[in-house]
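For 1-58, 64-159, 259-353, 359-454, 460-557, 657-751, 757-817, the entry in TrEMBL reads domain 'Fibronectin type-III'. Per TrEMBL, domain 'Ig-like' is recorded for 163-252, 561-646.
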Amino acid sequence: RESDHRAWTPVTCTVTRQNATVQGLTEGKAYFFRIAAENIIGMGPFTETTKEIVIKDPITVPDRPEDLEVKAVTKNSVTLTWNPPKYNGGSDITMYVLESRLIGKEKFHRVTKEKMLDRKYTVEGLKEGDTYEYRVSACNIVGQGKPSFCTKPITCKDEIAPPTLDLDFRDKLIVRVGEAFSLTGRYSGKPAPKVTWLKDDNVVKEDDRTKIKTTPTTLCLGILKSVREDSGKYCVTVENSTGSRKGFCQVNVVDRPSPPVGPVIFDEVHKDHMVVSWKPPLDDGGSEITNYIIEKKDAHKDLWMPVTSATVKTTCKIPKLLEGREYQIRIYAENLYGISDPLISDEMKAKDRFRVPDAPEQPIIKNVTKDSAVVVWNKPYDGGKPITNYIVEKKETMATRWVKVTKDPIFPSTQFKVPDLLEGCEYEFRVSAENEIGVGDPSPPSKPVFARDPIAKPGPPVNPEAVDKTRNSVDLTWQPPRRDGNGKIIGYLVEYQKVGDEEWKKANLAADSCPETKYKVTGLTEGLTYKFRVKAVNAAGESEPAYVPDPVEVKDRLEPPELILDANMAREQHVKAGDTLRLSAVIKGVPFPKVTWKKEDHEVSPKADIEVTGVGSKLEIRNTVHEDGGIYSLTVENPAGSKTVSVKVVVLDKPGPPRNLQISEVRSDSCYLTWMEPEDDGGSVITNYVVERKDVASAQWVAISSSSKKRSHLAKYLIEGTQYLFRVAAENQFGRGPYVETIKPIKAIDPLHPPGPPKNLHHVDVDKTEVSLAWNRPDRDGGAEITGYLVEYQEDGADEWTKFQTVPMLDCVVTGL
């Protein structure tokens, strides 16, 4: 029975042993037990337990503690932690005993003197370099339990670990203006790392909006009510003596854009529309501008009217204006996050067309020095508004960016001395004109000029040579010097020297008497040999001389003819019919050769104008026709030899008529035309053929194809029974040639063919001199009604068939057999 109850409860009545197990008891309750013996006569008296028994498990020492771990090691301390035993022996743990053993010694020594219930302990006062192993035991009211498993041997030394960094944020973060954001993560390392936050390489400092929180294992940077300036590249650095780790995040704080940048420029003003332009916002809000919203307003009304809300260009045409009215334009920029405040223009009256000035012509550069140059230009058309300023720009030839040469206005002068050039650099210049509408397009760039003083003497002439001679003269030529000393070449001085003499004589006294790169030295003595040299002269003086390589003996010379062909004497020359044919060539030879022009080895046409000069010859035929084409040859001849060149001339004209026009496959609604290309394509590729048809009863030709490149055509949509004529012409890029026409009309009817054979021929009756036959109609009638059937017979063994008669029906009696 329970101790607080009076009633006894039987447990069992069949026990023959002197012991029994009582089950079904409640842990923690107190019970009394009694027992009686029984025999066949009856039950004896009960014997009762003297005191109550509390039901609980038997108490033993605790199990061994679990998960003994080393948490930290320094040169003079070790920190350990452990977990309680799985079973406390039935009684609460009263304390833990931690023991250590110096490696090399046999016994464990107790570390903790006092009573310890914490499951973490730091052993201090150790000697650096010593190695220990540790174990821990649990104690309860009964006593001390088994020790835990030993730790691995632990050597006392400072523990180091490189930093680790585990971030909660990605590489990029987009935040709306006014919202808060935070960058968080976890880190570790031994010794404890230092945490540093940077934004765009600058250290982040805490303020009212910026908060930095760092714990031994976590890090956090938080920003309240973000603004656009919070955008940037954030970097967190975790660093200790063993190394460092970094994490990055590109934060973009986005907002609606700032207004477009003004002023609104009226590029064009017309009586019914204007063209305006503006500059993009200085701040796009961190997101690409998706479009601009443009509105217009009559200056005397309060109503803004939409123009467009779907343009990404910074220019817009404002349509549907009333002449003479003044208008204002306002422009909003829009991105994914909203619409900016507006940019509002000045008032502008819609009136007749004004525009920015035209581009000036290519400027001329004069008076170049090592650090300046004068740019000269002509005034362009002012666009209807007076020009108020010219803008002169320069750039180095190899650069791409143009730079204004002055911020001051240049007007009304049309030239400007550009200062501050770098000596030796090559420059180009261009000019733009400006009126009240705006700045016009720039002129084409000037020719490049080098910034250097134009006072140097020129270089020597290049490649002087003797090109002709007679018994008392020598013709010299040369090329200009490679360096003109930045000054115009005034002319050349030519000098000669008889071989063996020391003195050079002047062939011309002044340089300006020989401005070209050739000179004829006269007054020489026949049979003598001379040397020649040439000097170039500019304002700075004479150049070094350039010598003709070899001495020249003065005597008449004989040179075979030479032809230098002009471009129009290439192997093939094309000329359009009606245009002028010109063939020309430069002719050389001593004495000057005789000139002969021929066409296909015959005299050229009398309509050809032939001109012969002392340096060449020219053939010209005006109003060319196709027959003027052919092979033209030019022969030049003198006592030293002859030379002939020829050129094929093609006179480009309309093609000739196509050939061999044939009609086939005539049907009731179509026929098939084929033809061959013209014998003469006019010197140009046939681009297409034109096909026409005509009802013989009509005077009008009707085109049925005008773009076919094939030499055939299916003529459709004919009217059955109608007679047609067809004609075809060829076209090339020079026009349409003559037509070729069908000789006789074509009637649109389906073709007739013989019918198919009758089917199922068999005899119906036989007599001694006659046979009755029957058959079925053939499968095809050949396009016309069947008019009759021809019956023939043949004697067995004979070769020939005998005609009997033609009958209209599907049966016949053959008699006379």
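Including glycine, each Cβ sits where the backbone N, Cα and C put it.
All annotation found in TrEMBL is predicted automatically rather than curated by experts.
Because the structure is a prediction, the values reported are computed rather than measured.
Each residue of the domain 'Fibronectin type-III' (657-751) gets a DSSP state, and the totals for helix, strand and coil are 0 helix, 47 strand, 48 coil. Helix, strand and coil content of the domain 'Fibronectin type-III' (757-817), in residues and according to DSSP, is 0 helix, 29 strand, 32 coil. Across the domain 'Fibronectin type-III' (259-353), the DSSP tally of helix, strand and coil residues reads 0 helix, 50 strand, 45 coil. When the domain 'Ig-like' (163-252) is classified with DSSP, helix, strand and coil residues number 3 helix, 58 strand, 29 coil.
Taking DSSP states H, G and I as helix and E and B as strand, the domain 'Fibronectin type-III' (64-159) has 0 helix, 44 strand, 52 coil. Taken through DSSP, the domain 'Ig-like' (561-646) splits into 6 helix, 53 strand, 27 coil. Helix, strand and coil content of the domain 'Fibronectin type-III' (1-58), in residues and according to DSSP, is 0 helix, 11 strand, 47 coil.
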